[in-house]
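The block underneath contains the structure these notes are about, expressed in structure tokens.
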Amino acid sequence: MSETLARSASQPKAKYAAGIAGGGNVVREIDHFMQGVVNRNPHETEFHQAVFEFVETVMPYYLDHRKYMDARILERMTEPDRIVSFRVTWEDDQGVPHANKGFRVQFNSSMGPYKGGLRFDPSVNASILKFLGFEQTFKNALTRLPMGGGKGGANFNPKGRSDAEIMRFCHSMMTELHRHIGESVDVPAGDIGVGAREIGYLFGKYKQLAHFYTGGVITGKGIPYGGSEIRKEATGYGVVVFTEEMLKKHGKTMNGKTVAISGSGNVAIYAVQRAMRMGAKVVTVSDSRGFAHVPNGFTDESFAVLQDVKENRRESLAKFASEARGATYHAGKSPWTVPCDVGLPCATQNEIDEQMAATMVKNGIMCLSEGANMPLTAQAIHVLKDADVIFGPAKAANAGGVGCSGLEQAQNAQRLSWTRDQVEQELERIMRSIHEQCVEYAPVRSGIVDYQTGANVSSFARVADAMLAFGYI
Ligand SMILES: NC(=O)C1=CN([C@@H]2O[C@H](COP(=O)(O)OP(=O)(O)OC[C@H]3O[C@@H](n4cnc5c(N)ncnc54)[C@H](O)[C@@H]3O)[C@@H](O)[C@H]2O)C=CC1
Ligand SMILES: O=C(O)CCC(=O)C(=O)O
């Protein structure tokens, strides 16, 4: 087992498991299981982390249910169905050819066709896509829509590339990817570096290669060609709706709270907007180079500047801070040093470590909900939970995006377009239902609902029961 993993496995988990009947046995089983995962997937640290975060909360339930252990369900559900890896060759504006690595991880199709985004980022590798595909499987189960879990992407850096270069890259990516996807097989969507522009180019190429129009093959499409209202906003809106549900459960509300947000992409922008709508004061957004501080909170005016700079002009966050009244940019600094009541990390994995979580606790944070996938290290989660911070795990909190993708597929299959109000109501229903499922399976400690355990155990049971029904496949 890796040293980092061993450290995280021996300290906080032991403390957590001590509250469970047979705690010592649970710790031994987790350790033994994780040793196998590490041996089977050497060097894939992000994947180990995602599996560990899941297994440390699910193991007591697993050990209590022989039918899952006898069928080796945990071993089976931590192995992807398959991984496709391929070369993506494209030509830049100077006529120079480039070759990138493209992937699709088809993790688990027990609940329906594989479903999950595509990420374009230089950091993309098999470990990151396996962690994302694993998480996606359980997130999708929580939506209760018929979707299995998958994820894909390429180690391509879209930053600084022209529209024409992005188009050529997307067309080349789809030239291979189209063989592996389909509306009843695997349905990609966007993620980091993949938004409406990229989805348009990817879908256009698919349509050309397939010789027919099948809108349900990809989601996040533009509204004129089969996209859904609210999909663009859905992940950010969903995070805030879920957070409000958690706060309500604990006798609190978003109204009047100071909210810190990281990221300034698709998820972050619409988390800002929805939090403002709930009466919160949003004081930060960030990018990979620093953060923008808005001490008096975003206004409609500064939000419009953010949208324009990031979505239309595709410029830097420093540019936003130079144009928006009351905003300053802090290069090389983290937004998490700014005191807040509620934190919504919406950038990328592992942006908050143990030390940063301790700083947030010292600064008085009382609720944190994960907009990004795995933005906290396992140790950081323990720091927050030990300090009785209400914690919303990504699987539950950011499921609004894929939930709305499911609604887009439903509209495509019906050959209908629902109104904005219809989609938003349905999205809110999905988020409230996820909240209820978490509560159903969550222990309560010091008056705080353990949503992490609730989300993991609830989704585990659903996927596991489907796998059991199929026999040993
Ligand atoms: N787009 C969607 O519907 C969903 C996205 N997510 C997750 O939300 C997160 C954000 O995704 P999107 O907003 O779609 O992507 P995006 O590409 O629109 O925005 C990503 C943001 O994160 C920042 N960022 C990227 N790498 C960073 C780093 N190393 N350090 C600090 N900041 C960094 C970027 O500057 C940008 O502001 C990701 O973890 C993604 O997996 C989760 C559910 C659905
Ligand atoms: O909308 C989708 O299919 C995928 C969204 C996604 O990638 C995620 O939930 O992390």
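Every residue gets a Cβ built from N, Cα and C, even glycine.
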From SER369, SER405, SER417, the one annotated by TrEMBL with LYS115, GLN136, LYS139, GLY190 for substrate: SER405
DSSP-derived class (H/G/I helix, E/B strand, else coil) of GLN136 (substrate binding site): helix
Secondary structure of LYS115 (substrate binding site) (DSSP, helix/strand/coil): strand
Neighbourhood of ligand 2 - binding-site residues from LYS115, THR235, SER405 with Cβ under 6 Å: LYS115, SER405
Distance in Å spanning the most remote Cα pair of LYS115, GLN136, LYS139, GLY190, SER405, given for substrate: 16
Of the binding-site residues listed as LYS139, GLY190, SER405, the one whose CA lies nearest the CA of LYS151 (active site, proton donor): GLY190
